[in-house]
Structure formats: C-alpha cells, structure tokens
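Only one structure is covered here, and it is reproduced in the block below.
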Amino acid sequence: MKRSNSIAVMLVLVLSSLMLLLPVEGQGHEGHGVGEILLMGKLGAPVCGVRASGRVCPDGYCCSQWGYCGTTEEYCGKGCQSQCDYNRCGKEFGGKECHDELCCSQYGWCGNSDGHCGEGCQSQCSYWRCGKDFGGRLCTEDMCCSQYGWCGLTDDHCEDGCQSQCDLPTLLPSPLRRIIAIRKLKANLANMLS
C-alpha cells in the first residue's frame, strides 16, 4: 500500500510540474505560461518591479512592464517600469553611446543588426562591420567577415563570399559554429550581469 501511495504522489508531482510549463493564453510575459515564467525567472531574466516588491534590475537592465529584466525594446520600451533608458542612445539621450560596442540606431536604440548599424546609425556604427567597404577592417573574437561586410559565425558569414577570417570557423561543422556563437553570447551576457 505504501509503495502505491508513493508512486501516486510522485505521478501527481511530475504531472503538476509538466502542467506549469503549458502556455496560458493572456497570462504571463509575451505569451509564456506561468510555469515558463517561473523557469525564466530562475534561468533567464531576473524578476523586478511591482511583481518583485519593487526590486530593480542589475545595472544596465530595464524592468519591463511584465516585471522581467532585459535590454531590448520589449523590456526598455512601452510600459517599462524602471531603468528604462539603458538601451537608449544618441542625440535624444544626451549623446549617450551604447554599451558593449553596440551601434546606436537612427531611432536611439542599441543593437548590432543592419537596422542599428546601417543607414542612419548615430554612433559606434562600424564595430560589427568589416571588409573592403570598411577599410579592410577585421572582425574581433574570431568571427568571419561576410561578403556584405558583417561580422558573424553563421554559414552566411563564413562561406560563399566571405572576405576574411574564413578558415578556422569553416573547419567546424555549421551546428558547432552556432554553439560557439551561443556560448560567446552567453559569456557576454554573464559578464553584463556580474
């Protein structure tokens, strides 16, 4: 009898844990269910603001309307609760430059996409750029320079038309390059959080 009770209790615990990960329409952060939010709070973005008794984010992070810390427009834009100008830059923000070598877009947001570093970029516009159109500039951190002059580790950067630093990453299979890129991003994020 004790054994069947133990199994039943264990089954209930396992099933209830799985149910926490099911998305709940209209609840949580960006369509995530409550269980996902709890997981994100533990493994991902720290909680902040009203839902966390007024706790603020680590330096450099905005507290979103949902009560999570981050650096993108989703966190620092509409509904942001505190530290909302971290990922902002440019003339409308007193000439503030972006952190971590990111480009300042024409709209005053920090990032490294073509929308940030391309036409209209306000400052630090060439960090993610490379190649013949940028004075032969090489990429940092062992990244390839794509045919279009962007630094990265994807097939688009390291294969057809790659301008420089193409050899080492192309010796690695594509999934491994993605893993390396993800690890570098995680390391950068960990450095920002510490």
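Every residue gets a Cβ built from N, Cα and C, even glycine.
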Margin query: So Cys110 is in a disulfide according to Swiss-Prot. Which of these is its partner: Cys98, Cys125, Cys130?
Written below: Cys98
Next item on the list: List nothing but the one residue from Cys48, Cys80, Cys84, Cys151, Cys162 whose Cβ has the fewest other Cβ atoms within 10 Å; the candidates are the disulfide-bonded residues.
Entry: Cys84
Notebook entry, point to check: Mind checking how the domain 'Chitin-binding type-1 1' (45-86) divides into helix, strand and coil residues in DSSP?
Noted result: 7 helix, 9 strand, 26 coil
Notebook entry, point to check: So which disulfide-bonded residues are near Cys76 (disulfide bond), with CA atoms within 10 Å, out of Cys98, Cys103, Cys117, Cys139, Cys144, Cys145?
Noted result: none
Item checked: Cα separation, Cys57 (disulfide bond) to Cys80 (disulfide bond) (Å, whole number) -> 12
Note to self: For the domain 'Chitin-binding type-1 3' (128-168), how many residues does DSSP put in helix, in strand and in coil?
What the structure shows: 9 helix, 9 strand, 23 coil
